[in-house]
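J.: Input: one structure, supplied below.
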Amino acid sequence: KQPLVELQAISVLILPSVAHGFKMSDLLRGQFGSRLKGNNSNSSNHHKSASFHPYKWSKYFNIRDDIEIESGTFRIYRRGVEGPLLFFIHGGGFSALSWAVLSTAMTREVRCQCLAVDMRGHGDTHCHDESDLSIETLTSDIIKIIFAMFPTEAPPIVLIGHSMGGAVAVHVAQKRAIPSLAALVVIDVVEGTALDSLYGMTAFLRSRPQGFHSLVHGIEWCVRTGQVRNPESARVSFPGQLRRMCTGETATCELDRGVAFIDVNPHGQHKSNSNEDHRGLSAVPEVTDLEATSEHSFSSADVKEDMSAHDFLSNATETIADSIPHDLSQTSPHTQVHRPKSNTDSVHYTETSRTSVPSGQRRVEYTWRVDLSKTEQYWRGWFENLSSIFLSIPEPKLLIVAGVDRLDKELTIGQMQGKFQLQVLPKSGHAVHEDTVEEVATCLANFLIRNQFTEARANFDK
């Protein structure tokens, strides 16, 4: 079955094609690119597959450091040394590297410094109790990190959070514990729609593959399913969501040490004799007619036109989920978990080994860093009363969402009353800041300049 949203788009395009004298096929191809059969332009791009090799943190951040507080060691990444501090808080299951590409764009457009933190239980942060993801604990973590970094005087701080991180940012602002708090930015989290979506979250998590054969394979899955629609951002951010099955070490640490299992051949060109392996994670599931032309070969532009994660996963990923044991997220009790040293300030790395094994011997190498299903008890606490708390914050506020339909009644009224600035970026998925980096960067830059927090760079294009 074709996704409903695409069928609606086709029906809308039929009448304009007659009115303006264009061929409908030309309009459709312009709208859907290589996903329509008969698109001759695809032949030139057939062999230009998007690369899914991972990027390291040092491509985007200048400094990597660990902040020690009583509850554990928190990994942070920084870029820039002047202007207001944009303090980025990622969503559940993501990592600080989710903000990597955006941080580069922001420091290019305005005078600012960017800081992103791996939250408790995520990325390369290690806490005594990693299972406690209550909103109270997460809020306390952020406040303590800020005071640990700036014990006396802090620069103007703009809290910017996505999804779960957006809820944390709102609660941090409500505490009134940060004297230099300048503004609040929340990305794609609204109380009403967030609470409604919780009913389907368990099924969504179960539909995901429980492991990946390699980093390339995982990044490809991330982009193909629309988890992150921007391949560049996925290449640096998705490894932050994974850990090695046999050691428990995060993929980002492995990349730094040059021992990551990258796998330069994600498309199975070395054919496997195992039908089960070919049916499972070694291959991306079959796609619908609208995107079947290019099969597994596609360009970055094609990726951005791909289906949303929910549409794709509901039709395709059962094949992946069924082929992987459901206990892969558990590390063996005899497994040694590597803990990185904390003296990693301003460290840069060069080459990473690209190891591979024969396709017939491929096994699951990586699984999720955090088991989100075990955090279910905290989900409702993240989002309850979020709209009213957000509206009560006196500092300038910006809400960025992927669709205007995401607003609940309370925020709709508040927006009409001018209580916050709203920006809708409909061409993105849930990871708005990764999917539409330039648009989000421009929106944030204008917000900072309008409120006189900073100045534009010479090359900033409003």
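Residue positions begin at 1 at the first shown residue.
Note: Cβ is positioned from N, Cα and C throughout, glycine not excepted.
Sequence annotations record features per position, and here TrEMBL assigns domain 'AB hydrolase-1' to 86-223, 364-441. If you look up TrEMBL, you'll see S163, D188, H430 marked as active site. The region 'Disordered' feature in TrEMBL is assigned to 328-358. What TrEMBL records for 343-358 is compositional bias 'Polar residues'.
I'd like to know what surrounds each of these features in this structure.
T.: DSSP assigns S163 (active site) to coil in the three-state reduction, placing it in neither a helix nor a strand. Note: S163 (active site) has non-local neighbours G91, G92, F94, I187, D188, V189, A194, H430, i.e. same-chain residues 6+ apart with C-beta under 8 A of its own C-beta.
DSSP assigns D188 (active site) to coil in the three-state reduction, outside any helix or strand.
According to its DSSP assignment, H430 (active site) is coil.
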J.: Report, as a single number, how many Cβ atoms besides its own are within 10 Å of the Cβ of D188 (active site).
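T.: Looking across every protein chain shown, the total is 23.
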J.: Tell me the Cβ neighbour count for H430 (active site), meaning other Cβ atoms within 10 Å of its Cβ, over all protein chains shown.
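T.: A count of 23.
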